[in-house]
Amino acid sequence: MAKQLVLHLCFLLFLLPKSIQSKSDEDRKVYVVYMGHNTLDDASASSLHLTMLQEVIGRDAENHMLQRYTSSFHGFSARLTQEEVKKLSAMEGVVSVFLSKKNKLATTSSWDFIGFPLKVNRSTLESDIIIGVFDTGIWPESPSFTGLGYGPPPAKWKGICDANFSCNNKIIGARYFKADGIYGPTDLQSPRDSDGHGTHTASTAAGNIVTNANLLGLDPGTSRGGVPRARIAVYKVCWSNGCSDVDILSAFEAAIADGVDLITVSVGLVHAEELFKDAFAIGSFHAMRKQILTVQSAMNEGPMPQTIGSIAPWILSVAAGSKNPDLITPVRLGNGIVVNGVSVNPFKLKGMYPLIYAGDVPNITAGFSGSTSRFCIKNSLDKNLVKGKIIICDTLTTGEDEMLAGAVGSIMIYPGPYFEAIGSYPLPASIVNSDQASIIADYLQSTENATAVIMKSEDINNVSTPYVASFSSRGPNPTNKNILKPDLTAPGVRILAAWSPVARISQAEGDHREVPFNMLSGTSMACPHVSGIAAYIKTFNPKWSPAAIKSALMTTASVMNGETDAEFAYGAGYLNPLAAMKPGLVYDAVEVDYVNFLCHEGYNIKDIRIITGVNSSSCSKHKQPNDLNYPAFVIPTLRNKAVNITFSRTVTNVGSAKSRYRASITPPRVGDLGIQIEPNILQFKKIGQKLSFKMSVQTTIQKLDSPIVSGELTWYEIDGVHQVRSPIVVHVP
């Protein structure tokens, strides 16, 4: 008996550590340990990372290590407990430790709409430009990416093609990153794109010229990227379960080392983070140090304020705007009334069909009532009553459940005034607003035999274009009120571009149609438009810094009016490609300018030296938080509080060698606001010359009709054509 007791106790003791370990593993989450600039070789950095992890975990450290960052910057990712995070955060050389988030994708005639025609003047250097695309991968067989007619990759290229993928002279590099090794059933373990999003954004930025592009007959024309002769390097970071910070940082590290000229990222944070707990801010900072501009989508969390997730000043953040012509999907009712809904509908129904309301046809057998079936929830509809009819749903759906129930069409009701994030559906569908829904409801109640037909989508002229899409994320900047975000607006509604044939063209699982092109809306679509034009500018000005290119785009943007959120919706304005080629003056910024910005953001000089790898980095005592050389001016203030603020700026002449500019102020309409520019005339003697000025603002805000009022500072070239415009925004939270 005693022997059995001893054996039993031994068995319990054997189980105890495993039980503790199992609970510990459950508590572990993936964190990024960011350590700034790397000064060590790969082997030494890797050894240091493991030693640090062993100090907090023990001998099992290697099993919890996920990814090491040893080239473009310094750090690693690992599965950690909260206690281990605290210990690592306190270690020498660690800038930040943050949870690896799952980021979201921000999801033609658009080039002509913004005044960038097919036959625009092109630089011979265009084929030397390499755009790094961070997304869901790419479909290389698309005609948008054929390598025919291209020479070998530029000599500067150092990248590779991963397994299960063949590059060509158009797609010169392709890599995929999945640190956790967990793949979904639709994920392809290669840079190939099973989602379609990455193929779409890559072709928008740099796709070849493809004639007769269309989506099942809709929007026929020529598909092309902003720089159709540029090369593409693919970095697949997004999968069926999201886009991990760990993988995004790996992509930044690889892209910087590979030699890309520009990075386009149609992925982002739903909620803004502190700069050095934001994988995009970290990666793009180190890219900026290598003269690589990062362009990022503002995200699709609008129209509420302070929803923008792309907030770093060295990133170019892009909002989504409309374009002309617009697309409507008319619904003709049996009484002859036509309601113009919206969708991407290539189907053409013949004749009229019975019209029913989803709330009147619940699947009672399965336990559903009309209060549920009205939303067309899965299995909530009675197939016997729905089959062969057009159904009205009280919300937006994927169309899948209506299709499975046997409906021939779906009319979806959107509570807002207008729905811009239109896409495809697996059956004829049209989205109507609440006012239009009332017209349909009145007709439905007026007759026992209501009928309707959903017509094929068609183009119409929209005189109110361009405007910012309601889904586009808004400012003000949640972490730094002195930096305007977003920076710029570009076409992001109903954009036709290349597509992966293995990806669904709608969100319905039962939709098995294959198409070479698809039409999407989102800031994801706006971002590569700006990336393409930024790359275009770089082909003519290869030595311009990321900040100079960004300034050229912002100061030449077309003015947008009529937006409630003004610059917090559209930034400096709407993308104007050809004007951006000749900005006259640029507001340049280099690493030391951003270092001073970080100082005033509260980062201590010790961390800044770790981030930059420069022990001589110091904080200027003469710079103020609003002195970053940004091409916009934001004045955050409070009601009944005196404002006395001075902005210092420096502009660089990139126009005529001998030129003079005069300052002109259109002040925000705020009481007795006073703005002075000193000096108000700038006289340049040569290209590349830098001149500085100060803008002083004095006022007391007592009453505002809205939380934001804006004006502008424009430098007009005397006896010349250049106009350099910067918004002035007064914001009262």
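Just so you know, glycine gets a Cβ as well, placed from its N, Cα and C.
Here the structure is a predicted model, which means the values were calculated and not measured.
The active site, charge relay system feature in TrEMBL is assigned to Asp135, His197, Ser524. Per TrEMBL, the feature domain 'Inhibitor I9' maps to 30-105. The annotation domain 'Subtilisin-like protease fibronectin type-III' is assigned in TrEMBL to 627-730. Positions annotated as signal peptide by TrEMBL: 1-22.
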To the nearest whole angstrom, what is the C-alpha distance linking Ser524 (active site, charge relay system) and Asp135 (active site, charge relay system)?
10
Average the pLDDT scores across the domain 'Inhibitor I9' (30-105) and report the rounded value.
92
Among all the protein chains here, how many other CB atoms are within 10 A of the CB of Ser524 (active site, charge relay system)?
30
Cβ neighbours of His197 (active site, charge relay system) where a neighbour is any other Cβ within 10 Å:
25
Tell me the residue counts in helix, strand and coil for the domain 'Subtilisin-like protease fibronectin type-III' (627-730), as DSSP assigns them.
1 helix, 63 strand, 40 coil
Which ones in the same chain are close to Asp135 (active site, charge relay system), with CB under 8 Å and 6+ residues apart in sequence?
Leu105, Asp193, His197, Gly198, Thr201, Ala202, Val234, Tyr235, Lys236, Val237, Cys238, Val265, Ser266, Val267
Collapsed DSSP category at Ser524 (active site, charge relay system):
helix
